[in-house]
Each structure stands twice: as structure tokens, then as C-alpha cells.
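*Asks:* Before I ask anything, let me first share the structure, which is written out below as C-alpha cells.
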Amino acid sequence: MDNNKLKKLKPYHVIFLVQNSMVALGLLSLPNELSSMGYSQWWIPLMLGIIANLTLIPIIWLFQRYPQDNLFTLNEKLIGKFLGKILNTFLVVYLIFFIASIVEGYLDLIKIIALPDRTIAGPLVVFFIVLLYIVHGGIKSIARFCILSFFLTIWMAYFLQWSILEGDIRHLMPVSNFTFHEFLVASRNGYFAICGYELIMTYFPYIINQKKAFKHASIGIWITITLYFSVTVVSVMYFTEWQLEEVIYPILKLYKAVELSYAERIDVLGISLWVLLILSSTAAYLWVAKKGMDALRSNNKTYHLYVIAICIFVFVMIPLSKDFQEAFYDNLFYIKFSIILWPNILIFLHLIKSKRKQASA
Amino acid sequence: MGLIKILGKILEKKVPVQNVKTQPVKKINKSNQISIGAIKQALDGVEDVQYKPVRTSEGLVTLIYYASFVDPVVLHERVVKPILQRQETVIHASEKMEDHELNRVINLITTGHTIIYLHKPALFYAIETFSAKNRPIQRTETESSVIGPQDSFTESLNMNLSLIKRRITNAELKNKDYIIGAETNTKISVLYLEHLVNKDDLACVKKKIEEIDYAGFLDIAVLKQLMEDHPISPFPQYNMTVRPDMAMHYLLDGRIVVLMDNSQSVVICPTTFFELFVPTEDYYNRWTTVTLLRALRFFGFFVTIILTPTYISALTYHPELLPFELLLNLQESRDRVPFPPVIEVLFIELIIEILREAGSRMPTKIGSTIGIVGGIVIGTAAVEAGLISNILVVLVAVSALLSFLPSNFLMSNTSRFIRYAFILSAGTFGMYGQVIALAWLFIHLLNLTSLGKPYLAPVIPRKWTDLLDSIIRFPMRFLRYKKGISALKNKRVSPLDEE
């Protein structure tokens, strides 16, 4: 379509790309992740939103200085070609593991809820076919799919109605019944669900209106935060503190509260429709990984996409023990968080570099 | 996916397989000199060519024409009678052929002209006498409507042009003619309103037509498929109609209409997914009625592709999805059926497809009988024999009816094709498979283009005013904006900027 133009993301594309790359598996278990705070967890998403918004500022500031560069090329520019390549290799490998963790987590759920007594090989193959088809259209195709999957899934928020009716609003009080340690654990676990907006570091060069990118990305973040906030509030109202700690996927339990005359258990439908959200965020991550590979090899080749996809596929299919997987995926968080903070270091390098330029000039 | 794109490129390249550029008149002598002998040699073996000698007061004259193209009465009125009275009148009304124009003479004869050959001095003149019978303008059988004009296009290009031009009596309505098809020399005409059309679109259409290299065109549907952006996609990417008012409606919006001789339909490009569901009758009805009907048509398209697949996935994988009473009901009606739901659905869907295909191929008199027989066989006998459940019969009948709601026939064919993909994916992966197939469908639609414009335009609007004429059709006074897909770019220059 418009493959030749570099600038192709309109404001609404940016909003929904940011919004949809954040929502994936994290939302399903969010109230459980925050459960160390007990009933006081309901305002945590707001705080996480503010943190996300704050960490967005250096990202946008930096990339507005380098409007043609993405994270990978900027790494090479600012910390040197050799070190940059090593770092980029590390990032691509991390992205492969991260996408694998999302896909595997989701397909395990499918296996438990929708398709019992089946291996995940078949669903995994069809998932990858569609995923590659989406990524193949480029970042604009992904953005379009994000918009679509948002509108195809947002109506499920209506199902919260039953839980609100059955819940108890008094659960929202007291607001500050927690220790500092509990607070730290909850924000660490909860932040995993918020991640995703940092992908803007890679598609920033494609945004048409880069000056207003911060505003649009913030709108995207706050749409997600509103969603998360409503979900945690409703969960706090509906569940007891014990349930919050023990139920791994509280959202699916919320579905079970739904009473419709024409359908008994909505959770099967919900978890199946969730694939749209998973597809849109993994597509964004996969596209970023492909860009990383492009930067590593210094050329744009479509087969890079297939190479990465095969790596992810193989990694998902490798039989690993559940404990190892959990520990492994859990530690991915620290990499994730350092990526979000990484632009601050780059800004530091940028400032040194520009100072030196000024001095030599 | 990459594979599909590569395949597409191969297919695109393979299109001109039959590009054997044969000159229509090859056998004639190389000098290209006109003589009666050379004409006879070129038209050797053509039995319906006539050499009619007429003896006038000024000498012998031979008339050469195709008997199948020229009505004897017309020939007599236009040529023979005047030539007998005063030879000059006919000579003035006809075109003189130069000595070296043998190819042209042969071409003129094969398109229905009459060549007048004066023996002394040996001169050739050509006069238009094409008078083969055309089908009269009739009501349309395929796109009928209750309100609105009832005429439809015929197979004659000139008549079709007149049907449009009498509706838009404006010199801005331009048409550019082309001759395409190496063997058939088919005449096509590209019609547009000069001041409304998007110049890029027009250039794109012209380029596509000029690049087409194909031997023969049976119908404009062939040309349409050769012009499409994505040849492998199951979706039609241009609109096709036999209704002059529909062609006119889109011309007024700045679209391009392509007409072809000997083809009843015309092609409208570019078009959007949504417009393929909209007949022009929507603009004659009240807006409330139209809104209801549009919602039915548009959502009906999606219901028709997921209704029977949902039956499969609910019964095969997710019985807990259904309320207890409904599940009981379904199981009761299915208790004699020995197949799994997916086989059952495929079985009855295929029977419906066979019935439809048989009905459209059969002579009308037999067709109605078969329809009744088929209806009874499916409705009653198959259920009583325990082959299918009667709830499924209801679902399949509803989805078969829904598939005929789009105004574009190609679109309803597409919906039936896609349904099989959904049936198979629901059969293998249940609800998950269905949503994956839906995601595939949407991403495919999102990436489709019609003449380089996004195909799904009004759903993700190019212009907010498009929403006035989408599923909710606002009252007529609001519909005064051009659609986003045909809008001119960089047109709005405020007078202050030009100062």
C-alpha cells in the first residue's frame, strides 16, 4: 500500500498501538498479581499509570532529537557500533523469550479452558500463521489490527456489570492497609502488565506527527489504565481477600458471574476472543524484534521475520519444567524494566556527545 | 503472508499467457495497396462477406459488406437508393480510403462498414452501416428494486453510454475509449466526471488498462479481475452493476466507470467493502427503513459466516457455553445423528450449495420442481432419516438466506466460500479456531486495497462525513459530501492562502 513512505502512523494509530501492545496476558491475572496489597490494591493501576507516563517523557524527549532512528540504530550510534551490536543481540534474544512467554502463557490457558485433552501444537501453528500475516503488512497493518481488536473486545467490559451488582463497594475501604514491602511486591508484579508502551522507541520514526507523539501515547496509556483500574475495582468489590490471592485468573472468574439467558459460561468466549489482544501485542513485539534483526544485519529483509518466528516457535515447543519456566519468565521482568529506564542512560550519552561536539566546534 | 504475496506476483506475471499478438489481417500482401483482389484474398473463407454489384448512371459500383452486420433495408435506404439517384450524395457522406490503407479497409468491413468501390476511377469509400439487432432495454433480473428506475444496461456499448449520458447531461462527463484484446478488438469506454474525479485514480485506471495484455474478453468481469490489486483474494475489489442509476450515483461521487461492448455489466472503481452491500434503492427509501436494512445486510454477512461454525464448536468443544435447556434441546434433536457436528454441517451446507448451483443451471421449468423436491428432501426426509438434526436445518437455512443479502452477487458468493473456512477451523479448534479465522479475515480485509485505496474505508473512516452514509444512513439533506475514498487530495485551498 504505502510501503515506500516512512511516515505512516496517524495519531489514532499511535494511540491504539500504545494501548493494545500493553494489554495482553497481564490483564487476565492483574488482580491476583496485586493481591499482596489485599483490598487496597484498587488504586495501584492509577499509580502505575503515572509511573508509565513519567518514564515516557525521557523516551519521547530522546527520540525527538533523533527523529529517523529507532532504539536499535540509536544504540549503535550512541554507544558505539560494537557494543551497540552486542546490546542489540541481547535485546533481540530477550524479545524472542518474551514473545514466547506470552504465547505459551496464553496457549496454556486455551488448553485448560477451551481445548482440554489437546496438545498445543495445532493451535500454536495457526496462531503463528495469522501472526506472521499481520506482521507482514508492516507497522501500519499492526496498528490497524490494534484498532480493530480494541473495538472487538472492549464490549466485554459490559460483563463487569454483574460482578458490580454482586460485589460489595465497602471493600474499597480502607485505602492504605499494607506494609511497604507488600507495596513494592505489588508494584513490581503489576508493572509487568503495564509494559508495552516502550515499544514506541522502535516505531517512533514512522509517526507522522512526532511533536504530539507524547500526547497520543499518553492517551493510549490512560485508556489502558482506565481499563485496568475498572477491572481491579470490580475485582476488589467482587472477591474476598483470600480469593484474590488464590484465584490465578480473576477475570475469568468475573465472566462466570455473568448471567445471560442465551449463554451459560462466557469465559470460553472471552478467552477465545482474548486471542485478538494477544495477537495484536505479540505482533507489535515481533515487528520490533524483526527491526532489531534488521539493525543487527544492517539491511531490511523479510526473512528475518521468519527466522525470529521459527526461534520463538521452537522455544515454545521445547519441553521445560514449569518451575524453570516460571522462574525464567519472572526474571525477564528486570530486563523489561531496565529497557524502560535505558533511554535515561542514552540521554546522558547524548548530552556528553553534543557537549563534545560543541567543544570541538 | 509472504508466500501469498510471492504467489500473487507470480500470478500477476503469468496473466498475459495468451499474449500472442496476432495482427487481425495477416495474410494480405505486404504492400498494403488496396485492390479488389487484395480484399478478396484477405477475406477468403469468410462466407458472409458480400460483393454486391450496382450499375449506376456513372458506371459500375461494387458494395462490400458483412451480411450479418448490415440489415438489407438499411443498406438499401442509406446506400443503394441514393447511389442510384445521385452518386455524389453518398460519396460526400462517406470517407475516402487512401491507396495504402488495406488494413483499415478490412478492419472497417469487420466492424460493420460498407465499402463502396467505384470501378472507374478505381476509388474506395467507407460508410457506416452497422445495423445488427440489439437487445432492447429491459428490466433487470439480477438487481431488481421496487422503487426507482427499472431500466438496465444492455450488451451494446453505445446504448449503455446513452443510458448514463441522458442522466448526466453535462459536458464534464468525459469518456476515453480503448480497444483491448488482441483477438477480439473489444471496445471499452472509461467514463468519469472531469471536475470531480481524482486524477491519480484516473491515471491509475488508464495505466492498468493500457498494461493489460490479454487475447480475448468474454465479459467485463474478466477485465475487472485482471485490473484488481490483489488477484488471489476471495473478495471482489471493484463494484459491478447492471443498473444505470448505480453507475450514475458513483459517477457523481467522483468514481470511474468502465463500460465494455458486448457486456451488460459496468465496473465501478475504486470501491469499498461496505459499498458492495448497498443497492441504490437505499437512496429511494426512507432513512429509517434503510438503516434497518443496512444493519441487517452488514451484520448478516458476519452472522452467515459464523452461525453454523458456532453450532459446531458449541457442540464439539464447548457444550458448557450453552444454557441447559438449549443444550438439552440440541442434543435431543441430534440423538439419532451418527456423525460428529462438523460432518453434519458440511453435509447439509454442501447439499444447499448443490441445490443452488443446480437451480441456477437448470432450465427454469425444471428448476422450480427440483427446488420443491430439494426442499422436501432437506427439510423433512433428511431429518426423519436421522442424517441431520432439525435445529441445524433452521440454522443453515437462515445462513443461506443471509448470504444473499449483499447487493453485489460476487460478495454473496464470497461469503459462502469463507463460511467453509470457518466451518473447518471451528471443526478443528472450536471457538479458538473461529476467532483465529476471524482475525485472519479482518487482517486480510484491512490490508486489501481497491485502486490503492483502503478497502475497509468507512469502517475505519477516511473522512468523518463518511459515517453519515454508513450503517446509519442519515436523512438525504445530510448526504452532500463526497466519500473519503474518492476525495481529491490537496483540493481545499482557502482564498487567503492564494493571495
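Placed from the backbone N, Cα and C atoms, the Cβ positions cover glycine too.
For reference, TrEMBL lists these features for the protein:
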TRANSMEM  A:12-30  transmembrane segment
TRANSMEM  A:42-63  transmembrane segment
TRANSMEM  A:83-107  transmembrane segment
TRANSMEM  A:119-135  transmembrane segment
TRANSMEM  A:142-164  transmembrane segment
TRANSMEM  A:190-208  transmembrane segment
TRANSMEM  A:220-240  transmembrane segment
TRANSMEM  A:268-288  transmembrane segment
TRANSMEM  A:303-321  transmembrane segment
TRANSMEM  A:333-352  transmembrane segment
*Asks:* Apart from its near flanks, which chain residues at least 6 from the ends of the transmembrane segment (A:83-107) lie with a Cβ under 8 angstroms of it?
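*Replies:* That would be 24-25, 71-72, 75-77, 120, 123-124, 127, 274-275, 278, 281-282, 285-286, 288-289, 292-293, 295-296, 308, 311-312, 315-316, 325, 328-329, 332, 335-336, 339.
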*Asks:* Can you name the far-off residues of the same chain, 6+ from the ends of the transmembrane segment (A:142-164), with a Cβ under 8 Å from a Cβ of it?
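*Replies:* Those are 9, 12-14, 16-17, 19-21, 134-135, 227, 230-231, 234-235, 237-238, 254-255, 257-259, 266, 270, 273-274, 276-277, 279-280, 283-284, 287, in sequence order.
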*Asks:* When you check the transmembrane segment (A:268-288) against the transmembrane segment (A:12-30), do you get at least 3 Cβ pairs under 8 Å, counting only pairs 6 or more apart in sequence?
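*Replies:* In this chain the transmembrane segment (A:268-288) contacts the transmembrane segment (A:12-30) - 3 or more Cβ pairs sit under 8 Å.
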*Asks:* What same-chain residues lie close to the transmembrane segment (A:42-63): Cβ under 8 Å, and 6 or more beyond its ends?
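*Replies:* Distal contacts: 30, 34, 69, 74, 172, 175, 186-187, 190-191, 194, 197-198, 200-201, 204-205, 210, 213-214, 217-218, 221-222, 224-225, 228-229, 232-233, 236, 340-341, 343-344, 346-347, 350.
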